[in-house]
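These notes are about the structure you will find just below.
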Amino acid sequence: MRQGDLVILYLGHDNVDHLYLTPDNFSIYNSKFGDFHHVDFVGKPFGSRVYARSGGGRGGGDDKKGWIVALAPTPELWAMALPHRTQIVQPLDAAVVCAHLDLRDGKVVLESGTGSGAMTSCLARCVAPTGRVLSFEFNGTRAAKAAVEFPRNGLPASLVTCEHRDVCADGFGDAADADAVFLDLPEPWLAVGHAARACRPGGRLASYSPCVEQVARTCAALREIGCDRVRTVEVREKEFDVRPNALRSLEPRAPDGEPDAKRRRAEADAPLPGFLAKPLPDMRGHTAFLTFCTLPLRAAGET
């Protein structure tokens, strides 16, 4: 870890924070686990345990002294630790969006709006190092904060740019021939035509909307300009409990001389599967509807 690095601080399985290293004698990160001087992070590899100089403590033995784990930033960890300016796209939805947009190195993708920047980081990872993410945010304050935050997080201007712009009213500016567009807007149907003109013919579009009424109007706008394969999905996460099987077969053994006795004895003695998978009753709740389509081969408005 070096001066200026973004570091993800793992405090517990449900407690993650971040800091930018400023290695001087006055920069200290304070938590319930103690006081951590920035200079104690410098020179250590990511994944190291960093111990507090004072305060904290987690228990007996080595844990009498407070500690935290310093992790390298990833889009998923950053989504857990970032300062929220808006509601973010959760990593589960973000992964599905990136897959459906067919993002990879060298692609150019448009995003509106930027919000807290969590989705921007996911898009940037997919198209790096030679691609570009052009992000647009209608709120000037949020756009200015994101423009400062991205380079501090290791996303250079050659990879990610953020512009203050209302794409619903003014379109995507000079952007042209982009490979894909992602819309996270209250009224995405107003930006559909602009998106088609800013993308190459046959590019991909994804829209993120929490309400089905938004989806209905967006799908209607997409079909009106000739988009193909319009599809809406909802991503739900269901967890399974997988554990070794301690049960034995309850099939009674057939007595000798009875018809099919040999087969029934073999079935009774057959081992059950080594593991059982039981679906847990709880499931992650609704986050948003994701709408995907292929943009028309002719830009909107062309004859």
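Here the Cβ of each residue, glycine as well, is placed from N, Cα and C on the backbone.
Your range for region 'Disordered', going by TrEMBL and the list 14-42, 246-274, is 246-274. Taking a C-beta cut-off of under 8 Å and a sequence gap of six or more, ASP166 (S-adenosyl-L-methionine binding site) has these contacts in its own chain: PHE138. Around the Cβ of ASP184 (S-adenosyl-L-methionine binding site), 21 further Cβ atoms fall within 10 Å across all displayed protein chains. Counting only residues at least six positions away in the same chain, the Cβ atoms of SER112, GLY113, THR114, GLY115, ALA143, ALA146, CYS162, GLU163, HIS164, ARG165 sit under 8 Å from the Cβ of GLU137 (S-adenosyl-L-methionine binding site).
Across GLU137, ASP166, ASP184, which the record gives as binding S-adenosyl-L-methionine, the greatest C-alpha separation is 12 Å. Neighbours of the S-adenosyl-L-methionine site: apart from GLU137, ASP166, ASP184, residues of the same chain with C-beta atoms within 8 angstroms of the site's C-beta centroid are SER112, GLY113, THR114, GLY115, PHE136, PHE138, ASN139, ARG165, VAL167, LEU185.
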